[in-house]
Amino acid sequence: MSGPGNKRAAGDGGSGPPEKKLSREEKTTTTLIEPIRLGGISSTEEMDLKVLQFKNKKLAERLEQRQACEDELRERIEKLEKRQATDDATLLIVNRYWAQLDETVEALLRCHESQGELSSAPEAPGTQEGPTCDGTPLPEPGTSELRDPLLMQLRPPLSEPALAFVVALGASSSEEVELELQGRMEFSKAAVSRVVEASDRLQRRVEELCQRVYSRGDSEPLSEAAQAHTRELGRENRRLQDLATQLQEKHHRISLEYSELQDKVTSAETKVLEMETTVEDLQWDIEKLRKREQKLNKHLAEALEQLNSGYYVSGSSSGFQGGQITLSMQKFEMLNAELEENQELANSRMAELEKLQAELQGAVRTNERLKVALRSLPEEVVRETGEYRMLQAQFSLLYNESLQVKTQLDEARGLLLATKNSHLRHIEHMESDELGLQKKLRTEVIQLEDTLAQVRKEYEMLRIEFEQNLAANEQAGPINREMRHLISSLQNHNHQLKGDAQRYKRKLREVQAEIGKLRAQASGSAHSTPNLGHPEDSGVSAPAPGKEEGGPGPVSTPDNRKEMAPVPGTTTTTTSVKKEELVPSEEDFQGITPGAQGPSSRGREPEARPKRELREREGPSLGPPPVASALSRADREKAKVEETKRKESELLKGLRAELKKAQESQKEMKLLLDMYKSAPKEQRDKVQLMAAERKAKAEVDELRSRIRELEERDRRESKKIADEDALRRIRQAEEQIEHLQRKLGATKQEEEALLSEMDVTGQAFEDMQEQNGRLLQQLREKDDANFKLMSERIKANQIHKLLREEKDELGEQVLGLKSQVDAQLLTVQKLEEKERALQGSLGGVEKELTLRSQALELNKRKAVEAAQLAEDLKVQLEHVQTRLREIQPCLAESRAAREKESFNLKRAQEDISRLRRKLEKQRKVEVYADADEILQEEIKEYKARLTCPCCNTRKKDAVLTKCFHVFCFECVRGRYEARQRKCPKCNAAFGAHDFHRIYIS
């Protein structure tokens, strides 16, 4: 029955497996039952009865194990349910707070977007910023990926039941949950980044407003104190913002560290839980081993009962089963011998342990005794130690340092007094600065209100001026159009007058050339004809220059006739001189620029007078006297001359009156020209000036026509005069004509001056036209400036609103600063109280310091002596240390030799035990004389060696490569899977690749 028993015993190692192996063993089809010896059976009914009893016992054991496993599994299920409940609660809390965070961030974003729309409405469209810095708009909370149904289940509102979230988690896979949660985390990050960007945008806007306030403060006449105060407030604001950002960074860093520590705590908790689970597994293994031990104890009791029954059978029966019973008795004796050997070995080991325990207790006692001796050391021994001397040296050093500290303490006292005084002064300065800042703030508020009132007044003035300018521009439109038409017509008229003047100049040159020819002919005929022909030729040739120069003058009085009585040839000479003068005057007229015509025309009048006087002096000495030819005809023409004389005198009177009128009109023209030059260039004055110019030109044309008529009449009447009286009258008339010609030359010069002034006025008119164009351009620019002023006014109103808000904020900041100042005053009072307490403690410390300084002075001498002793002991210590270094290798060698001896002793004991076993075997050989029995016994021993020492049922078919001990593969694998990864014999640890199958043939 040993064969089937061994086959059935293969399931011994699988009894009572751990929890992790239950599922694997449930899949196996074979049920492993331990072998049991039924003993002698007489019938099949008895065999069935014993088998049923054995099955019932096994089922009872399995039932107990099953109940224990169920209890343990129930406990673990409860723990897992609790853990799942806590995990669900944490997940729900995280989900709720995450949803609250998303809602608050969305509310903040909506608030910032509404504020951004309100603030960006008055700004230019080019200055508006996008939602993000790089231009990529973030998805809206309602239009993003979060509209997916699964993510909407993952992020329910607060009113939704919490089961929906858990159901969504259970319904979706881990990958889907991870993807959706990653999208939700990206949305939260994007929303938070948008909030941060909005805060940065608000910060930039505040800085821009501050810059505008500074620029406005630079442009407006604000006080320097207010500007400095605003700058200080701006700097303080920036400092507080930097401090806030630093604190936020610090808070963020601390929160990250806190989260890391929390993660570490959670990981540690999970490790603790894992360790608890491992402890539970170990406890389960211990329970398993305990159950196995109980089972083995039961088997041992049964075996003892069977042995007793075997003794009884061997005593009662004869030789039927005698060989088998004697063999079991021998095995039992061998087991008893091995048990005795093991007991002896255990007793020896116990003796060794007791010996080591006694040595340990002795060492502990010596240690305690040395501690007590160390506590109650005498002073002399302490003084002789090197540590004491080192302490003395250190004491001397510390004494010197204490002296230095004393000096530093004195300095600190002085510094404390100085700091106290400076602190008091600083407090006074702070109070005075606070009062000054309050006054400055009040004055600044008053100034801001004044500036606001001034800005309102300026706005009203600008609005009124803008309305007036609009009305004036609307009224001046048709007037400007009329003035443009009038200016264009006057320009055309000026061009026509210039053409007429050129034509008249050309005719004047032609007439002067004809006069020269006639003079040459007259001079030739005067030499060839008789004396009677001279007066006629002279009379004919005399009026020609007058015609060309502009007409004769009035007849002179009888006194003038007597003065002008010399030779009648003076007319020709005077006309020739006038001709010579006219040519350069025309050249001068053509060479004068428009800007210099006025002064040159005025300067010709004083130059013409000496020339006329020179001609009057040269005139009598040039021509021959024609008096003899005129005496014969004087009587004939006497009556006619008297009539003509009366007519000419009347005519001359009329001409003189017209000449006076022309001179008066010329004076009026000069006055108008002076007024035009001095007065501003306006349109109505120009129109009046042009009208006066036309009138003067019309009068000049009338005078020219009348002079021509008078010349023609004079030419007709001069042919009739032949006698002396006529010649005398002619001479007088010629003198008067010459005088009138002089006046005519002066009037021509004045006319030329007037023409030049007309050119100047034309040029001035063109300049005025250009100026009108510039004025129109300026009007357009003014309109643009008015529109710009209106836009700037709108912006100023917005800035004023912002400034008012900033003013309110500054008022709140001032209140906060006042509260801070009060808190600082309280802290200052507390610091003063602390300072008083410190001064009291400082006095006590000073007293203690004086006492200690005295003690230090007393101990100074001892320190010197201790230093000398320390040097001596130092030498001795070095000597002892050298000896100790020499002794240490010897101690190490002796320790190694002792360990070697102990190892050899253990080996000797093992050899003794092995030899003892051989001796017992030899004794068995001596006892058993039969060789078959000896061989059978050796075969059993070899089989026992080939069986696994752990389960004692299976063959050895696995080796551990760490220590090369051999076991069965099932035991090794069971130990590996049960996490008992140590060799059963030598406790050497092994891994998954450290055991392999072997095949023993």
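Every residue gets a Cβ built from N, Cα and C, even glycine.
Swiss-Prot lists 44-91 (among others) with the feature coiled coil.
Per Swiss-Prot, the feature coiled coil maps to 189-377 (among others).
Taken from Swiss-Prot, the feature coiled coil covers 437-525 (among others), and the record attributes it to sequence analysis.
Look at Swiss-Prot and you will find 627-946 (among others) tagged as coiled coil.
Residues or ranges marked as compositional bias 'Basic and acidic residues' by Swiss-Prot: 18-28 (among others).
Residues or ranges marked as compositional bias 'Polar residues' in Swiss-Prot: 522-531.
Positions annotated as compositional bias 'Basic and acidic residues' by Swiss-Prot: 602-619 (among others).
Annotation source Swiss-Prot lists compositional bias 'Basic and acidic residues' at 633-652 (among others).
What Swiss-Prot records for K578 (among others) is SUMO2 cross-link.
Look at Swiss-Prot and you will find K579 (among others) tagged as SUMO2 cross-link.
Per Swiss-Prot, the feature N6-acetyllysine maps to K20 (among others).
Its own atom aside, the Cβ of S42 (phosphoserine) has 7 Cβ atoms within 10 angstroms in the protein chains shown. Annotated phosphoserine per Swiss-Prot: S42 (among others), in sequence order, evidence recorded as similarity to another entry.
According to DSSP, K355 (N6-acetyllysine) sits within a helical segment. Residues annotated as N6-acetyllysine in Swiss-Prot, with similarity to another entry given as evidence: K355 (among others).
The N6-acetyllysine feature in Swiss-Prot is assigned to K517 (among others). Around K517 (N6-acetyllysine), no same-chain residue at least 6 positions away in sequence has a Cβ under 8 Å from its Cβ.
According to Swiss-Prot, the phosphoserine annotation covers S528 (among others), on the basis of similarity to another entry.
What Swiss-Prot lists as phosphoserine is S585 (among others), and the listing cites similarity to another entry.
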* Asked: K355 (N6-acetyllysine) to S42 (phosphoserine): how many Å between their Cα atoms?
  -> 59
* Let me know how many other Cβ atoms fall within 10 Å of the Cβ of K355 (N6-acetyllysine). => 10
* What average pLDDT is reported by the model for the coiled coil (437-525)? -> 85
